[in-house]
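The following features are taken from Swiss-Prot:
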- Arg108, Lys148, 153-159, 183-186, Glu191, His214, 268-269: ATP binding site (BINDING)
- 112-298: domain 'ATP-grasp' (DOMAIN)
Amino acid sequence: MNLSKLKFGSTIGIIGGGQLGKMMAQSAQQMGYKVIVLDPNSSCPCQYVANEFINAAYDDQIALDRLGALSDVITYEFENISANQLQALASKYNIPQGYQAIQLLQDRLTEKQTLQDSGSNIAPFLQLTDYDDLVKAVDSIGYPFIVKTRFGGYDGKGQVLVKDATHLDEARQLIQAQECVAEQYLNLSKEVSLTVTIGTNNQITYFPLQENEHQNQILFKTIVPARVQDNKEQEARNEVNKIIKAIHFIGTFTVEFFIDQQNQLYVNEIAPRPHNSGHYSIEACEYSQFDTHIKAITGQQLPQQVTLLKPAIMMNLLGRDLDLLEDQFAEHPEWHVHIYGKNERKFNRKMGHLTVLTNDINETEQKLLKQFEGR
């Protein structure tokens, strides 16, 4: 795909008004574009920065057509919009990202099958339609393994870790609700991710490899550059190069990886949009993941590479972290704090993030962990 550059003053439509949509909008407006956002939540974070806001459900075809008619280009902040509706929208309006990636990645089974067919290194998996398949997973994959719903689920939702036979009943209940996928549980040494942007002229921009730590299946912190062997970044790029031959991408997306105790790299999953682990790039790189996303979908030239200006640590701020830390923000000028503007503070809800640039990652990490003690 090779589209002409979208002129400044043109309008970018965003489906989804959460924090990702908000940060996309801010990058777009900085480049001189207007932004119109569609979201069912009348007080979503993006509502406060959008030039125009459409308060409607994601499956409201009249509202989607209005968004399309008012926009010169359309993007989305998340992958849970109906692929069929996105396909219908793409047939009438300019959606450089298309619908194919969403169609593949909404279903964990087709995601795994596509990755397998691409030659990517992934953990063994099995489709689960009933309890008999669960028994087969015990035989073919062996304990421990993870059962995940095929559709939906994020931040650890829709998953059961099956360590032994005592967890089979919990997994059976998940399968009764919807079809699932079982995948081998890996003994991990690290989790990393690679954020990538692809332009409409097939340019590829890689961000630095990101080291991630999760707590209760929610991203806790990201450290850049990742503290791994030097060859791991190139290995990750090689895996991404396999993936982009199999899946159509325009804009920013992120591939999450596991590194096991034998130092083997495995593709875990793909997010076809800007990702939580890339938020550090707002301060730590000359272009953020949102900047390159907007450049890509508007037909602009992408940088050949994104340079890390300084090592960085990004910490997510959940509702409980704001309860603990909000009085500390004014005392730490080195903290770049982003509060998303969600109207309801919940214990485990992502309410914001903070980024610290540092020449000593280990020392800064320890200082931050002390601040987050008791969370």
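Cβ atoms here come from the backbone N, Cα and C positions, even for glycine.
Here the features listed in Swiss-Prot are placed on the structure.
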{"residue": "Arg108", "record": "ATP binding site", "CB count, 10 Å": "22"}
{"residue": "Tyr154", "record": "ATP binding site", "CB count, 10 Å": "12"}
{"residue": "Lys157", "record": "ATP binding site", "CB count, 10 Å": "10"}
{"residue": "Glu183", "record": "ATP binding site", "CB count, 10 Å": "21"}
{"residue": "Leu186", "record": "ATP binding site", "CB count, 10 Å": "19"}
{"residue": "Asn268", "record": "ATP binding site", "CB count, 10 Å": "17"}
Practice problem: Average the pLDDT scores across the domain 'ATP-grasp' (112-298) and report the rounded value. | Solution: 96
Exercise. For Asn268 (ATP binding site), name the DSSP secondary structure in the helix/strand/coil scheme.
Key: strand
